[in-house]
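Residues or ranges marked as active site, proton donor by TrEMBL: LYS102. TrEMBL lists LYS66, LYS90, SER344 with the feature substrate binding site. Annotated NAD(+) binding site per TrEMBL: THR185, ASN216, in sequence order. TrEMBL lists ASP142 with the feature site 'Important for catalysis'.
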Amino acid sequence: MNALAATNRNFRLASRLLGLDSKLEKSLLIPFREIKVECTIPKDDGTLATYVGFRIQHDNARGPMKGGIRYHPEVDPDEVNALAQLMTWKSAVADIPYGGAKGGIGCNPRDLSKSELERLTRVFTQKIHDLIGIHTDVPAPDMGTNAQTMAWILDEYSKFHGHSPAVVTGKPIDLGGSLGREAATGRAVVYATEALLAEYGKSIQGMSFVIQGFGNVGSWASRLIHEKGGKIIVVSDITGAIKNPNGIDIPELLKHKEATGSLKSFSGGDYMDPKEVLVHECDVLIPCALGGVLNRENAADVKAKFIIEAANHPTDPEADEILSKKGVVILPDIYANAGGVTVSYFEWVQNIQGFMWDEEKVNTELMKYMTQAFHNIKNMCQTHACSLRMGAFTLGVNRVARATILRGWEA
């Protein structure tokens with residue numbers, strides 16, 4: 001099931017639990033605005049190339065819309081739509097005053113030089129500058145984009161609207177980016193894991209972990225779990241998978257990956273079949289990479305007791321049912337990976353105030369938001385006698401629905 005179908009399904013289940021009016025339900029599903037623009041740029045060799053850019057602005061009942069911009073060959077309106085909708089619920093679950101949006105350009109950033117990427121980003125910004133803004137829609141980095149991309153958007157946007165650092169988040173620190181932003185998603189995954197384990201009288205120390213995906217989120221989560229005494233027995237990424245039943249030395253693995261760009265030939269663990277990673281024996285499984293990795297083919301073989309969804313949509317609905325019947329506890333993505341958007345919110349606040357926080361304040365506030373959100377989800381689970389996923393969806397959808405009704409959506 002694709003991301004849009006799965007998101008819509010979860011939304012409808014939550015809507016039924018909440019007893020939402022069918023007209024309101026339809027209104028909440030339909031995006032506020034869909035933007036599609038043509039971006040033509042001169043390539044370095046003088047030829048012209050045209051790319052299609054998208055921005056889906058899903059909902060602004062609770063505040064400006066917020067969401068990443070991805071550069072990827074398979075960016076299509078359906079996927080962007082699902083991700084924009086997820087951002088609406090995710091912001092509401094974390095209780096930050098944002099709605100949801102998502103955007104992207106259908107291109108392969110690896111095939112473009114830095115100057116071509118800059119030209120493409122600036123043309124895209126020129127086409128959408130009057131539809132984004134500090135109090136309208138605040139983009140952020142996503143797959144294939146980074147702090148440099150945000151710096152170009154900020155610069156191009158400021159040519160039209162004056163210096164506006166709060167128009168994007170995930171910027172370089174020198175241009176008003178927030179300390180702690182890079183580690184935020186991985187750090188919040190750890191805070192979320194601690195909150196969940198505490199419910200079962202457990203802590204990270206002494207538990208065994210499998211980390212699938214060793215990019216930004218996976219590597220930060222691994223580092224912090226290792227520091228807290230968790231035993232990481234398997235790590236994988238696109239270069240391969242390694243295991244060590246006694247626990248992998250994460251600082252050493254990070255050095256090895258930094259030096260070689262790969263997990264292969266790491267002396268502190270044995271190479272293993274990447275297909276075995278998700279079904280390896282462990283206490284906690286953390287998928288940090290792609291969507292749909294847990295599906296009906298492998299769900300029955302999962303041996304983890306807890307799954308923390310650090311990736312977006314890693315568990316198909318069919319797998320969800322199989323795992324729930326087995327008694328596996330799943331912490332859903334719209335809560336578990338909300339650290340990025342939460343610290344993006346802190347960055348936006350700092351930019352608007354013109355007053356920057358130290359890293360300790362960022363991390364303290366992040367922990368406060370993640371812990372509070374977990375307790376709010378648990379309350380919804382008790383109210384509606386539902387899973388953590390439905391607890392999170394009912395929490396998010398209910399907040400957006402209430403804001404929509406209070407604003408007078410039928411007028």
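For all residues, glycine too, the Cβ spot is worked out from N, Cα and C.
Heads up, TrEMBL stuff is auto-annotated, nobody curated it.
Distribution of TrEMBL features across the structure.
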residue : record                    : contacts (Cβ under 8 Å, 6+ apart)
LYS66   : substrate binding site    : MET87, SER91, TYR98, GLY99, GLY100, ALA101, ASP137, VAL138, ALA140, THR169, VAL341, SER344, TYR345
LYS90   : substrate binding site    : GLY100, ILE334, TYR335, ASN337, ALA338, VAL341, GLY396
LYS102  : active site, proton donor : ARG55, ILE56, HIS58, GLY67, GLY68, ILE69, ARG70, VAL80, ASN81, LEU83, ALA84, MET87, ASP142
THR185  : NAD(+) binding site       : ASN216, VAL217, TRP220, ALA310, ASN337, GLY339, GLY340
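Cβ-based neighbour count (10 Å, all protein chains) for SER344 (substrate binding site) stands at 28. Sorting the recorded positions ASP142, ASN216 by the number of other Cβ atoms within 10 Å puts ASP142 first.
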